[in-house]
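Quick look at what Swiss-Prot lists:
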- 60, 448: Cu cation 1 binding site (BINDING)
- 62, 104, 508: Cu cation 2 binding site (BINDING)
- 106, 450, 506: Cu cation 3 binding site (BINDING)
- 445, 507, 512, 517: Cu cation 4 binding site (BINDING)
- 19-201: disulfide bond (DISULFID)
- 81-538: disulfide bond (DISULFID)
- 180-193: disulfide bond (DISULFID)
- 1-122: domain 'Plastocyanin-like 1' (DOMAIN)
- 134-300: domain 'Plastocyanin-like 2' (DOMAIN)
- 344-523: domain 'Plastocyanin-like 3' (DOMAIN)
């Protein structure tokens, strides 16, 4: 194994991701940020300097478990203090498992501003993947707004709320087109793009040779959009999800929610004199964003040769049965670790939209999360009892709660309590969706857990009840770090609390997290080793450091 050392500077820069100039948060002058590539077992050291003039910054390494380095998870107020302007912070962690991962900002809505990039982990030197391919294409999906994240944050925190609306553009590797379409020739209402190919918004072309197999790695770091990926005339063989191998299956398209990643294999066995569309459309919300497009270019064809037929049609946004059918097909590959048969503790988390003092919030069991100024990891390690609410949040919601009608209760409050687990405890979480403020409306939410992979034991419609127990899959449930709950439905997951630290578990939709849609899990914090001083140089832990510089 080796050490991969990166020196990064984060700063705002002018950029035109969708042919309209805007400001993006870039790294070393790049957008998206540089790709990290390592082998399982390697150490990754990122020397991160904050060149933003007036904002702190952190970077979360999404899907990396951070065993032994919970301070390097990159979640502001949970694992570390934000890095102040002008300061440098050293992230140092091991990448344990091969897979398709990514990194992104985790302070305010900085992910939305463009602070993200890919993190690819190959098998350890000398080991091979369990499937063969001739070449590889890496695709990072995101969504883009013309409105700045500052304006979005202020709007979400205002009364009445000003919602951010749907994104202007879907970006493929940071590239999209807003005022024009590369598929205009099939639709006279669309303005054709006049692109030479060198522009920052020119599509990222997938170049392939005929009669070969390619692995396409697809990760979604969208702020809001649930996406659907398809390639004209080509079947996709799904082989990996969130860095874990799955039982391979063929599909014409995949749904991908924010925080998820997949690998699919394609075989370039179509007519070699043609090129084919790659289309990424929006699902699960009423779309107001054109699909993101690029070409699968069969070499030696010219890139200017457009496919004979229009791009594949994205499935209807509200065809939830189709989404469920795809999601339910994902199971663990043969030989994957199986979940413990019994749980020690089961927590029910009810997802509701509520109004608190006229502000629209998201809440879990009637608590809307507002992070404290002292990072939990330091507060818990050094027993700072005043740093956050010592009363744990509720583990159940009222049995008679009606998930089919808008919430009527006025009990919702802002809070920052923590769910605490014993080391080795087997924890079940039942995520329960419900109606929003508006009649007959429930949304899809992707939930992401830091510091762990979990087994997805099952999904269902309506309210979870004891009868569902027998339907849970203990035989071959997939291991994931992100899982979706469908409208008016529930999702059951199981994980082992075996990674000392404090870990966020939250909706991966950026505005929803901003509005309080998350919880905090802690386990075995007393077993956490030395935490770099700089990670805790704020809030209550800073005072301890000043008073006792040797060891807070």
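Note: Cβ is positioned from N, Cα and C throughout, glycine not excepted.
Looking only at Cα atoms, residue 62 (Cu cation 2 binding site) sits nearest to 450 among the recorded positions 180, 450, 507, 512.
The Cβ of residue 104 (Cu cation 2 binding site) lies under 8 Å from the Cβ of 59, 60, 62, 111, 115, 116, 117, 221, each of which sits 6+ residues away along the same chain.
Note on the domain 'Plastocyanin-like 1' (1-122): DSSP counts are 3 helix, 61 strand, 58 coil. Separating the Cα atoms of residue 81 (disulfide bond) and residue 507 (Cu cation 4 binding site) is a whole-number distance of 21 Å. Closest to residue 448 (Cu cation 1 binding site) in space, going by CA atoms and restricting to the recorded positions 106, 193, 506, 517, is 506. Mapped onto three states, the DSSP output places residue 506 (Cu cation 3 binding site) in strand. Spacing of residue 180 (disulfide bond) relative to residue 445 (Cu cation 4 binding site) is 31 Å (Cα to Cα, whole number). Residue 106 (Cu cation 3 binding site) sits 26 Å from residue 201 (disulfide bond), taking the C-alpha atoms as the reference points. Comparing Cβ neighbour counts within 10 Å across the disulfide-bonded residues 19, 81, 180, 193, 201, the minimum falls on 180.
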